[in-house]
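Chemist: Among the features that Swiss-Prot reports, region 'Disordered' is placed at 1-52, 88-114. The motif '9aaTAD' feature in Swiss-Prot is assigned to 4-12. The phosphoserine feature in Swiss-Prot is assigned to SER111, SER236, SER289, SER290, SER355; the stated evidence is experimental evidence. The SUMO cross-link feature in Swiss-Prot is assigned to LYS123. Here Swiss-Prot flags 138-212 as domain 'POU-specific'.
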Amino acid sequence: MAGHLASDFAFSPPPGGGGDGPGGPEPGWVDPRTWLSFQGPPGGPGIGPGVGPGSEVWGIPPCPPPYEFCGGMAYCGPQVGVGLVPQGGLETSQPEGEAGVGVESNSDGASPEPCTVTPGAVKLEKEKLEQNPEESQDIKALQKELEQFAKLLKQKRITLGYTQADVGLTLGVLFGKVFSQTTICRFEALQLSFKNMCKLRPLLQKWVEEADNNENLQEICKAETLVQARKRKRTSIENRVRGNLENLFLQCPKPTLQQISHIAQQLGLEKDVVRVWFCNRRQKGKRSSSDYAQREDFEAAGSPFSGGPVSFPLAPGPHFGTPGYGSPHFTALYSSVPFPEGEAFPPVSVTTLGSPMHSN
């Protein structure tokens with residue numbers, strides 16, 4: 001305690017004025033100027049922002065001088081992040097090439113040298129700029145060929161009556177990989193990357209050859225379109241038809257094949273649609289019945305706490321009840337362990353205040 005009191009007293013102004021007052025410096029008061037210039041023991045930390053050779057290294061101005069107030073002196077306390085700083089840390093300087101523009105170095109006021117590019121990076125840039133002229137000519141020739149082929153593909157497709165989606169489906173039939181309509185559209189518009197255009201071109205060339213030679217390609221395309229439409233189609237049942245199916249399910253949850261066909265004819269649905277609906281409805285009923293059985297078992301088990309309800313009185317003092325209702329202020333809780341006889345809580349008188357509107 002004595003050490004703490006001494007340290008606090010050393011850094012607080014005296015009650016009778018500053019060190020320059022008529023009373024002179026007192027033994028418990030340390031002048032801020034002396035505190036700011038304290039160097040500390042050799043090899044130990046210095047105190048204050050003005051310690052060491054130049055505070056410009058940290059990019060902050062030195063601490064302002066003390067300000068005069070009425071009857072005393074205020075000092076500049078230690079700032080955030082500038083507390084006890086080792087002397088060795090003040091002597092560290094930034095390495096060359098890392099100092100930013102406009103930051104002066106500490107050695108003779110010389111400005112840092114600008115960052116130089118490594119020779120490896122320059123070499124790579126030169127290699128990129130100095131491309132082989134023969135390769136560039138080949139790439140340009142390939143681009144022209146791709147443009148001409150894209151125009152030919154579009155003309156052939158429109159002439160034969162194929163859509164872009166049909167071209168993608170027939171590519172799947174012929175080569176086992178279906179392409180989307182967006183891909184064919186982007187190929188014709190030359191919006192794909194150069195690599196993807198080169199990969200897709202041989203497949204489309206084979207499609208053009210098949211379209212010219214194979215007369216059944218249109219029929220194959222239509223059949224594949226129907227198959228894809230069946231895969232993508234999602235069954236939607238009207239509310240009226242769904243209500244009729246619910247009534248039939250209540251009468252017969254598991255109909256036979258003949259009954260399913262009869263129901264499909266009456267409601268205008270496919271047999272598979274009716275069969276799948278009844279299967280899904282039975283599964284839904286099983287899930288709901290299992291949930292109901294679990295709920296009944298939980299309710300039959302009762303409360304997880306042993307013992308009956310115990311009433312605990314509230315803390316003594318006035319309690320405001322709901323206006324118009326004179327109910328006792330007790331909270332019903334369940335105790336995990338029943339209280340033995342003779343250890344019940346003593347009765348506490350509770351004053352219940354009525355509603356302010358009906359009070360006399």
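Note: Cβ is positioned from N, Cα and C throughout, glycine not excepted.
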Chemist: Please work out the helix, strand and coil residue numbers for the domain 'POU-specific' (138-212) from the DSSP assignment.
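Modeler: Split by secondary structure, the domain 'POU-specific' (138-212) comes out as 62 helix, 0 strand, 13 coil.
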Chemist: Would you mind giving the whole-number mean pLDDT across the domain 'POU-specific' (138-212)?
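Modeler: The predicted confidence over the domain 'POU-specific' (138-212), as a mean pLDDT, is 86.
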Chemist: When a 10 Å sphere is centred on the Cβ of SER236 (phosphoserine), how many other Cβ atoms does it contain?
Modeler: 5
Chemist: If you run the three-state DSSP split on SER236 (phosphoserine), which class comes out?
Modeler: coil
